[in-house]
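The following features are taken from TrEMBL:
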| type | residues | note |
| --- | --- | --- |
| SIGNAL | 1-24 | signal peptide |
| DOMAIN | 35-123 | domain 'Ig-like' |
| DOMAIN | 130-224 | domain 'Ig-like' |
| DOMAIN | 238-326 | domain 'Ig-like' |
| DOMAIN | 331-418 | domain 'Ig-like' |
| DOMAIN | 424-511 | domain 'Ig-like' |
| DOMAIN | 515-602 | domain 'Ig-like' |
| DOMAIN | 609-704 | domain 'Fibronectin type-III' |
| REGION | 690-710 | region 'Disordered' |
| DOMAIN | 709-803 | domain 'Fibronectin type-III' |
| DOMAIN | 808-910 | domain 'Fibronectin type-III' |
| DOMAIN | 914-1010 | domain 'Fibronectin type-III' |
| DOMAIN | 1015-1107 | domain 'Fibronectin type-III' |
| TRANSMEM | 1120-1141 | transmembrane segment |
| COMPBIAS | 1150-1170 | compositional bias 'Basic and acidic residues' |
| REGION | 1150-1255 | region 'Disordered' |
| COMPBIAS | 1192-1201 | compositional bias 'Basic and acidic residues' |
Amino acid sequence: MMKKMSIPTSKTSLVLFLCQIISALDVPLDLSQPPTITQQSPKDYIVDPRENIVIQCEAKGKPPPSFSWTRNGTHFDIDKDAQVTMKPNSGTLVINIMNGGKAEAYEGVYQCTARNERGAAISNNIVIRPSRSPLWTKEKLEPNHVREGDSLVLHCRPPVGLPPPIIFWMDNAFQRLPQSERVSQGLNGDLYFSNVQPEDTREDYICYARFNHTQTIQQKQPISVKVFSTKPVTERQPVLLTPTGSTSTKVELRGNVLLLECIAAGLPTPVIRWIKEGGELPANRTFFENFKKTLKIIDVSEADSGNYKCIARNTLGSAHHVISVTVKAAPYWITAPRNLVLSPGEDGTLICRANGNPKPSISWLANGVPIAIAPEDPSRKVDGDTIIFSHVQERSSAVYQCNASNEYGYLLSNAFVNVLAEPPRILTPANKLYQVIADSPALLDCAYFGSPKPEIEWFKGVKGSILRGNEYIFHDNGTLEIPVAQKNSAGTYTCVARNELGKIQNEVQLEIKDPTMIIKQPEYKVIQRYGQVSFECIIKHDSTLLPTITWLKDNDELPDDDRFLVGKDNLTIMNVTDKDDGTYTCIVNTTLDSVSASAVLTVVARPNPPFDLELTGQLERSIDLSWIPGDENNSPITNFVIEYEDALHEPGVWHYQTEVPGTQTTVHLKLSPYVNYSFRVIAVNKIGRSQPSEPSEQYLTKSASPDENPANVQGIGSEPDNLVITWEPLKGFQSNGPGLQYKVSWRQKDVDDEWTSVIVANVSKYIVSGTPTFVPYEIKVQALNDLGYAPEPSEVIGHSGEDLPMVAPGNVQVHVINSTLAKVHWDPVPLKTVRGHLQGYKVYYWKVQSLSRRSRRHVEQKILTFRGNKTFGMLPGLEPYSSYKLNVRVVNGKGEGPASPDKVFRTPEGVPSSPSFLKITNPTLDSLTLEWGSPTHPNGVLTSYTLKFQPINNTHELGPLVEIRIPANESSLILKNLNYSTRYKFYFNAQTSVGSGSQITEEAVTIMDEGKMVQPLYPRIRNVTTAAAETYANISWEYEGPDHANFYVEYGVAGSKEDWKKEIVNGSRSFFVLKGLTPGTAYKVRVGAEGLSGFRSSEDVFETGPAMASRQVDIATQGWFIGLMCAVALLILILLIVCFIRRNKGGKYPVKEKEDAHADPEIQPMKEDDGTFGEYSDAEDHKPLKKGSRTPSDRTVKKEDSDDSLVDYGEGVNGQFNEDGSFIGQYSGKKEKEPAEGNESSEAPSPVNAMNSFV
């Protein structure tokens, strides 16, 4: 069965793998060999005196070695000491301390010897020392009385322990004392104060010493420090507390950590800086600790020797100290001796080379005995650090020790010479399986042993040719390396080992796997705090390998937090916080390879608030503010906003002061007098604003007289005999001092009067009584406080109160431009009579009578306002053939003056509106009866009607047009000599002397000779009716059109935007029952015919009945209901007859329903140069009215009824002309009653009136 083995792919793993193979080439333990020490205790062995002492010594060899010990250079007979035992099959000593032994009795230097018939190996000299944690010596400690600003050193002086204790300072509550640039602990354990402050006063400075080996802590007696203050505190330049003097020396050993220290006294606290004279501090190995007071260089070498200078500096000067560092070296190996396996008659060498400072001496031992006194061996020759062996024999086997030593230490290494004659053997298991990723190195192991050393050859396949060439690397330990293994590299490989004593071979298998790849790597993400983010890691791998995906954050495990959700190929972080900021790595591992990809997550948020606000440079009108920015949270700060609070006038209210760029942390602020300022700063970045900083300390500015006067001073009378002076009062911080008041002054303009003044406080208004009506005044308001007046204020002009105008405009003239527009003129009133600010003129006008009717109705009085000193205006939207009145009034701020005498004017005739209706009845084979109603708005005296008609054939083409003129007194007409079964289209309108009005159209059909009604050319569905129950409705309709129509019914919930539901009607029935309806629901329904594109009836709405618990009786079948309906029908019939009689008696025209009103065709754009309407002439009265231009029958112009309203002309909601127009329109709500309007005229009775009796 094959055994699987993973081959490392990285260079580091490859080196480690080869080293493991090399170290594995030991002599097999079934062959004779000298002893080899495999495990021993450290040279300097500090033991816990309370526990058993275990001194390790393990070795291997064939035959198994025996062990012996020396103590302090003499034989240590363990059999004579009951407390000492040796472990079975081992050389490890166990000294039993826990059963009465004392560790101090076993202090000394121990060495172990492992021996068998082929030689002896020895251990290092092992120095055994029990750890010590002595108590602190009792001492009387006097309190330390120190002046503020002086330096202080609190000495710890811990007891000498083994090993030295760890020192730290705490208080009596076991809390570590805070340390800083000013207060810190030195390497010797003392506590140094560069300068003392009052807060350093306390009685519990306690030094603690922790002894790690014994796990004990010793405490020094508390030290008391009392700081007394003296004013002023004297500042001092730096002085070094340690080391003393200007120079010192330091010796350190190669490979150790170099620690250099400088602590200085001074006020202000000095800052320490380190340099190396004549060189640079080593990069990547230099660190600063203890607030830069300690320089730390790790893994020092001889190159780090030199002079190191520390410089302590404050604002008063500097001090420095030079430390001369010498790096010595204990011995270290260059080439350590290695075991030799030789066959009889072979040659070999042992080499032992070491270095150090000073250079170490080399000495040899054989089987633990100095080689000079060891038994002679003719095959051996010592030459300094080398032993040369020639023609060795089996008796030449031995263990040799090389000792390299100088004053700083020694090195001891064992190496044996083993003389054997052995045929080759391969130690690698047969048929071992190696699996390698494609394009990676493949290492095929062929661990071997033999003496003499066998030669190794590799073959591809069982009977393949020997492998040679640059694509293979053959290592001395037998390993075959294929630097870049390809898919075709897979297969069986054979390793052959041979020497003069024999030959052996072994086969191994190589499989090549596809590499694991991350095909979609995690990407850089920027996310706001509390958001959600996901990283993807999608992989592709060999199908025979099982990958595992691991996510790391900053090269460590993900936090144990439910917010981190690891999916199959992604990582999701919910509710992201600032701590989630970092690098996230996706690592994919298989048994053969590993790949990874990383992405950075940047969590952005609003900045943290600034802190440590400091006020400096305090002056009467300015101050400097500085602060330290808070964390910008990965989004740069763009600016800082500075706000202030005035605790004197508006406590708790913060005002904007200024803002500065985000790179600035100081600002110079302008201040106002008599304000108790405190400031706060807000940082702003792209995400938003930070919370405000903590407020700064308060700063009260000195009082001063006001710098400014109140703004917006006005003088406006509220009554005809007063003057109200108002102003905007100063805010608290504008007062500049206590006792804020206002000096209000006034005098009549253009009159040689003295100023009248009053001083008021806590008000913003003053009323001057007894003034003349509407005269100008000079006004000024000056601020003052307890320290003086503000600068002299500027004067403003105000007016005393207004009164109503005294006179009406005169010489009012009206010029009628056309039937709907007139122009009014007037003379302006004298300005003195206005008694106020002239605001304009108002024109009141109303219709008195329609000249074409006798009846009078309530009419609405209309008002047009013309601003300024206008003397004319246009009156639009008049009704033709009507009598009007108007008057004009002047307007000021108080109100309107008296009205001018009413002026009467008339509008000429216009074209009529369309006839109120046209009805076509009684169709025969060759005739049709037409009936019509007179126009709702005749707009003059009707002179005639015009009827035009033409036939329409089956292809919708129009035939010749026939025109008939009908007297105005006619209301019906029978058209004869028409074609049978023919559709006709009719056009009908009325005329006055001005012209023709708009027309109405209708269509009708003569009947066929069989007596049937002709089917309409255009299909029509009408009279759709519904009868609804709880859950169904019966829909019926009437149809005109081609036969064999296929009907359908569409329905839906009323008011819903859902699509219509469609039901097909079987056959050509004209009814359908809709089922499955919801009780108590309003539905919309319409009927259509298939094949008639786009044709449907109008919509009808019905409501199903409410859901009932039991069947209800149909009310329509009840006798009382039928009787009630008959009575109602009779009453309606009587009312219709009465109305009919009154209508015929009075000659009234039927009032047509309101229609959509369009712009009056007689209103044209207004000329901008003269304020009149453009291009008006008498000829315009002859233009016909456009269809749909009719106004309601009562002639009241309302915004909702007509587009001809004065909204287009008036101001505010009523519209307005441009400044150079003739007027600004405004409606009032006034109405007047007028006598019933009739059809009276100075002319002969109209023929229309005569016809009314036949309608």
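Every residue, even glycine, has its Cβ placed from backbone N, Cα and C.
Curation does not apply to TrEMBL; its annotations are automatic.
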**Request:** Could you break down the residues of the domain 'Fibronectin type-III' (609-704) into DSSP helix, strand and coil, giving a count for each?
**Result:** 0 helix, 50 strand, 46 coil
**Message:** Same chain only, please: residues at least 6 beyond the ends of the transmembrane segment (1120-1141) with a C-beta under 8 Å from a C-beta of the stretch. Say none if there are none.
**Reply:** none
**Request:** Find the average pLDDT over the domain 'Ig-like' (35-123) in the predicted model and report it.
**Result:** 94
**Other parts of the chain folded back onto the region 'Disordered' (690-710), taken as Cβ under 8 Å at six or more residues beyond its ends** = 606-611, 613-615, 618, 620-621, 623, 625, 627, 630, 643, 645, 647-648, 654, 671-684, 727-730, 734-738, 740, 742, 764, 781-791, 793
**Item:** Considering the domain 'Ig-like' (35-123), which listed stretch of 130-224, 331-418, 515-602, 808-910, 914-1010 counts the most C-beta pairs under 8 Å
**Value:** 331-418
**Request:** Take the domain 'Ig-like' (238-326) and count its residues per DSSP category (helix H/G/I, strand E/B, coil), listing them in that order.
**Result:** 3 helix, 55 strand, 31 coil
**Asked** In the domain 'Fibronectin type-III' (808-910), how many residues does DSSP call helix, how many strand, and how many coil?
**Response** 4 helix, 57 strand, 42 coil
**Residues of the domain 'Ig-like' (515-602) by DSSP state, where helix covers H, G and I** = 3 helix, 47 strand, 38 coil
**DSSP helix/strand/coil residue counts for the domain 'Ig-like' (424-511)** = 3 helix, 47 strand, 38 coil
